[in-house]
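*Asks:* From Swiss-Prot, for reference:
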{"type": "MOD_RES", "residues": "Met1", "note": "N-acetylmethionine"}
{"type": "MOD_RES", "residues": "Ser14", "note": "phosphoserine"}
{"type": "COMPBIAS", "residues": "62-71", "note": "compositional bias 'Polar residues'"}
{"type": "MOD_RES", "residues": "Ser65", "note": "phosphoserine"}
{"type": "MOD_RES", "residues": "Ser68", "note": "phosphoserine"}
{"type": "COMPBIAS", "residues": "73-88", "note": "compositional bias 'Basic and acidic residues'"}
{"type": "COMPBIAS", "residues": "95-109", "note": "compositional bias 'Basic and acidic residues'"}
{"type": "COMPBIAS", "residues": "116-129", "note": "compositional bias 'Basic and acidic residues'"}
{"type": "DOMAIN", "residues": "148-265", "note": "domain 'PH'"}
{"type": "MOD_RES", "residues": "Ser314", "note": "phosphoserine"}
{"type": "COMPBIAS", "residues": "321-336", "note": "compositional bias 'Basic and acidic residues'"}
{"type": "MOD_RES", "residues": "Ser328", "note": "phosphoserine"}
{"type": "MOD_RES", "residues": "Ser342", "note": "phosphoserine"}
{"type": "COMPBIAS", "residues": "346-363", "note": "compositional bias 'Basic and acidic residues'"}
{"type": "BINDING", "residues": "Leu420, Ser421, Arg422, Val423, Val424, Leu425, Asn485, Ser540", "note": "1,2-diacyl-sn-glycero-3-phospho-L-serine binding site"}
{"type": "COMPBIAS", "residues": "781-794", "note": "compositional bias 'Basic residues'"}
{"type": "COMPBIAS", "residues": "805-817", "note": "compositional bias 'Polar residues'"}
{"type": "MOD_RES", "residues": "Ser807", "note": "phosphoserine"}
{"type": "MOD_RES", "residues": "Ser808", "note": "phosphoserine"}
{"type": "MOD_RES", "residues": "Ser810", "note": "phosphoserine"}
{"type": "MOD_RES", "residues": "Ser814", "note": "phosphoserine"}
{"type": "TRANSMEM", "residues": "871-888", "note": "transmembrane segment"}
Amino acid sequence: MEAALADGEPDRSSLLGDSKDVLGPSTVVANSDEPQHLTPGKMSQRQGRDANPTPTRDLPQPSLSPASLHSQGFERGKEDISQNKDDSSLSMSKSKSESKLYNGSEKDSSTSSKLTKKESLKVQKKNYREEKKRATKELLSTITDPSVIVMADWLKIRGTLKSWTKLWCVLKPGVLLIYKTQKNGQWVGTVLLNACEIIERPSKKDGFCFKLFHPLEQSIWAVKGPKGEAVGSITQPLPSSYLIIRATSESDGRCWMDALELALKCSSLLKRTMVREGKEHDLSISSDSTHVTLYGLLRANNLHSGDNFQLNDSEIERQHFKDQDLYSDKSDKENDPEHDESDNEVLGKSEESDTDTSERQDDSYIDPEPVEPLKETTYMEQSHEELGEAGEASQTETVSEENKSLIWTLLKQVRPGMDLSRVVLPTFILEPRSFLDKLSDYYYHADFLSEAALEENPYFRLKKVVKWYLSGFYKKPKGLKKPYNPILGETFRCLWIHPRTNSKTFYIAEQVSHHPPISAFYVSNRKDGFCLSGSILAKSKFYGNSLSAILEGEARLTFLNRGEDYVMTMPYAHCKGILYGTMTLELGGTVNITCQKTGYSAILEFKLKPFLGSSDYVNQISGKLKLGKEVLATLEGHWDSEVFINDKKTDNSEIFWNPTPDIKQWRLIRHTVKFEEQDDFESEKLWQRVTKAINAKDQTEATQEKYVLEEAQRQAARDRKTKTQEWVCKLFELDPLTGEWHYKFSDTRPWDPLNDMIQFEKDGVIQTKVKHRTPMVSVPKMKHKPTRQQKKVVKGYSSPEPDIQDSSGSEAQSVKPSTRRKKGIDLGDIQSSIESIKQTQEEIKRNIMALRNHLLSSTPATDYFLQQKDYFVIFLLILLQVIINFIFK
């Protein structure tokens, strides 16, 4: 035991010796050529660990006081702490007698014991200053390092004169750098996020507005720039204690709020402790690397919480951030022994609880409540799937004589150009599934989107998005078929499991309107970093021998980690040969896929077969990939088979997409909700009798069952009209300002691998199981009261609806926590929005009238002046001519 104490307890004087110490037999000497980077964030834990030498590299450490050394249990473990405290005097005498094993000197124990506390404190201050300089250097290198960027984009900032200026904003951990240009050459200012709060701000202008402010109305600006600039570029004056910022779109604004919420918590780049879950990220492996990755910066935000998280402010004390009083200069300047002892007691407590680092767990990952079993919907693998053949064979159908009579009966009810949405179609042309189900055909290759989310090059991201878009068309039924028109309130749920990333892509759809027929859908895979939402208005036009099914609306694909939105449209379906010829179904129209943030876009043209064209002209497609107006590549081929891409720069042509049998084999497997757990208005259960009759080829029974469903829908509509009730959707809501349908429980936060555990779905609500519950930063597009699904969300899950807290004094309007919107549309908000629009229109009208009156009043005077001038010039010319004639006469 005495030997263990001698080998394991470095005396305070031993730490004053040379850096090349002579260690005991149980210690391995570190390579002196390897630079050992020691950060202030790791000083406290290394002081505890190095008091007990283990077979690891030995670093020169700052000296410890006797109180911290005595509180350490050395090699004996936590169970001997009390005994070690009783024998503290004995261990100190033995360690001092053998201190020459550590400092390599020939001084005896009496000489080493004469070291005064003043000398020890001097060494501590020296080490403190060195670590402080190193931390400051690392912070400055992070600010100037172009690779360490959380987010960067153009934002509009309101000045003190209430005018907006477009500036380039670069978000880094703990700071927001503002430049005049994108080249980061003209620095405007640096916002210190450590003392800032962020809140959404209502605004009449377009885009998304939020406010960054100091709660105590103090300055949020740094004194100097990232390169030591004392004066920033000349712009309009900006407020000192707050910034009002406006993004171009709501999705960009929400992404900025999420990123700022993370960045303002990252007041220290360096962490004092390292949790077990973070060891695989090489935080302690490469000690000679000072490069800080974006992933490490973001994960530092969630590593610690509560009282055990003490910020390392050594690198930002000079700029006067929040006063943490943790190893501050003021406390170091005082030579009060009681103050030193209090510091050492804190260190001792941390050492006592963290003796064995491998067994330590961070408090952030300790759930105070018992882990509850995950309550999620049961999904079953889809047993049967129909894939039609490529080409024209699977898109044509010969109508029997019996069905022709039904078609002629139908044609008597319609006229050319008529909308067929209210016409009851015969069941023999129905595909035995709902239109909500058919919209899910685009996600059997959702793994392409997972790859696109990881792609760094925006051009390659666009190519993968286009490839995914084309992958949704080759799955088609055999023959000419049309899916069921969904019943109002009908829903459909399914998911796909990604084997490579061990994630799930969830698909939720609901029929939100019957007249006009609108289907809303939402797709989410937060772990892989993408979500997609949209709504489709189905229209159909009759042209005599043909009809077209037009899908109006757009889908919005969002990459969560990048804040990019790809807006895309849909082609229309064209059926010809109704009266004569072979009935054929084709796709036609122009599709646009546009990313406003990057400037990249794609144009795809689905071509109809010409009247005299061969089978090679069936299902043709052509397209362009563009950056602005510049065409980067062209596409040619068939949307259900090979598509070739031709690069304009290299003029090389290669296969871009081809649904070969191998591709179809590796497509993701769809899982649908277990039939017993489905709601009565879910597609499979709602249409089960009609589907059963169609599969049995009993058209009479199918027509009867279809009529029962449609009549029940009409009766429900009449009842609501009698009671003056409005239909309230279950999962989606309408934005009265934009007219878009949004999923009520959307969660567009980037995936946090340290806090987010698994994404799951229950009762149509897509949620995330988390290790540590934190309030969500993102705010829903419309506030509403918690629905039945929200009340079922248990603590420990990521709730799609955030808690809205009161704002303190900096805003004139405070948001009450209980302010939630009822189901459906709040008439009060709609009325206020309409009044705001009316006021804006009146103001515009007044401005137009004033401008017109000004023009009318100024035009005659101008014309009169011009006429007088012309007359005067003519008179002078005539007079000059007369004088000349008189002289030469």
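Glycine too: its Cβ is placed from the backbone N, Cα and C atoms.
Neighbours and distances for these, please.
*Replies:* For the compositional bias 'Basic and acidic residues' (116-129), the DSSP-based tally of helix, strand and coil residues reads 13 helix, 0 strand, 1 coil.
Secondary structure at Asn485 (1,2-diacyl-sn-glycero-3-phospho-L-serine binding site), taken from DSSP and collapsed to helix, strand or coil, is coil.
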*Asks:* Which number gives the other C-beta atoms within 10 angstroms of the C-beta of Ser540 (1,2-diacyl-sn-glycero-3-phospho-L-serine binding site), all protein chains shown included?
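*Replies:* By my count, 19.
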*Asks:* Taking helix as H, G and I and strand as E and B in DSSP, count the residues of the domain 'PH' (148-265) in helix, strand and coil.
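*Replies:* DSSP classes over the domain 'PH' (148-265) add up to 19 helix, 45 strand, 54 coil.
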*Asks:* My understanding is the cutoff is Cβ-Cβ under 8 Å with a sequence separation of 6 or more in the same chain; which residues meet that for Asn485 (1,2-diacyl-sn-glycero-3-phospho-L-serine binding site)?
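*Replies:* Listed in sequence order: Phe435, Pro517, Ala538.
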*Asks:* Please average pLDDT over the domain 'PH' (148-265) for the predicted structure.
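*Replies:* Mean per-residue confidence for the domain 'PH' (148-265): 85 out of 100.
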